[in-house]
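A.B. asks: Take this structure, written in structure tokens, and hold onto it; I'll ask about it next.
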């Protein structure tokens with residue numbers, strides 16, 4: 001298909017005038033519910049390419065009827081390729097039946113045409129499936145990404161559509177087209193729908209309690225032994241926005257996550273956070289402030305039981321800001337303050353401060369980089385449990401050929417405790433984490449995409465009991481809808 005793609009604009013320079021075809025029209029679904037703020041725009045091929053436009057003399061233009069075209073496969077192909085790129089529904093519907101009759105067909109072009117046809121017929125689910133199949137084969141085609149984003153938008157898959165439009169925005173230079181994308185993003189932000197995100201990963205941890213090397217001793221003190229466990233990790237996030245006038249909104253959110261080990265239930269845990277507040281948003285900026293309440297249940301660890309019990313409560317407030325500095329740079333910042341109260345371990349009662357900032361760079365729609373810094377201060381009644389931690393995070397994501405995608409993240413944290421513990425050591429830890437995740441963009445099960453991850457953690461410390469390293473491989477699946 002790549003050779004055919006490279007020939008696209010060369011072929012499209014050969015004039016072809018078809019009966020009842022309007023080349024510049026942007027196709028929209030029959031049941032189009034797009035708000036009036038988004039107008040039908042002429043998105044010419046030059047919107048997606050730096051190829052120079054050429055004026056085509058009238059003497060090079062020929063006019064053929066549909067029956068005459070059926071005898072000219074090369075002309076049909078020359079018309080179909082730019083029709084696909086220009087999102088021209090009428091031309092695709094005219095040429096696709098003719099193209100299907102020819103003995104030699106390009107499967108990529110055929111699937112693309114079917115995606116446009118399915119969208120026009122109102123079968124958005126099938127259209128999206130076709131687009132995802134194409135994306136798995138080549139994620140670099142910007143017209144393809146735009147059409148996928150459109151289909152997701154009209155199918156009310158809001159978060160997925162937003163991701164595609166934001167990626168597309170990084171590679172578009174045409175101001176008119178950027179304005180269209182911003183209108184889509186603004187409309188997505190104003191939709192007052194529930195947003196759901198679910199996740200599941202299979203756990204296989206051979207060092208649940210982060211134990212040091214077996215037999216580690218400090219004087220007469222002996223470190224705890226490793227415990228292992230297999231199970232599942234789960235998460236659920238739900239959010240709803242209610243738009244107000246002048247870009248303001250109110251928001252309700254719920255976040256829940258936990259771990260269930262079927263062969264070591266003493267380490268089962270679950271956390272739930274509920275919050276709501278106010279915010280302000282445009283196509284490129286979103287700021288929100290909301291109080292929250294959090295509850296945690298825990299079975300107790302090595303000294304616990306097989307039943308989870310209420311472990312701790314938190315009450316706090318969080319400020320979040322996301323700002324597109326340019327079409328390729330984004331900064332995300334969060335500030336959080338909370339009060340912690342424990343049911344049994346009262347010496348851990350106190351408050352905490354958390355500040356996080358992440359800078360994203362998206363040089364193109366198939367790649368992103370980020371660098372982030374976090375500061376966390378935990379104040380507890382027992383000062384040997386109080387600490388402050390500084391973290392540096394780095395990451396790189398890439399969509400490769402043949403449908404493969406990858407994500408690599410690295411973090412380094414420096415944690416220093418305020419006072420000496422019972423053994424007489426003021427703990428100072430350096431914590432390293434590396435995670436590599438791989439998945440195939442065209443592999444889905446009931447709408448869920450499986451991802452394979454390898455995770456390595458290492459802790460070095462002046463306290464021998466807190467030196468350990470471990471690695472694990474696990475499968476995770478998730479979906480946003």
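Our numbering is plain: 1 for the first residue shown, then up by one each step along the chain.
In case you wondered, yes, glycine gets a Cβ from its N, Cα and C as well.
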A.B. asks: Tell me which range among 172-182, 183-193, 194-204 Swiss-Prot lists as transmembrane segment.
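C.D. replies: Of the candidate stretches, Swiss-Prot labels 194-204 as transmembrane segment.
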A.B. asks: In Swiss-Prot, which of 368-377, 378-387, 418-427 is labelled transmembrane segment?
C.D. replies: 368-377
A.B. asks: Looking at 340-349, 390-399, which one does Swiss-Prot call transmembrane segment?
C.D. replies: 390-399
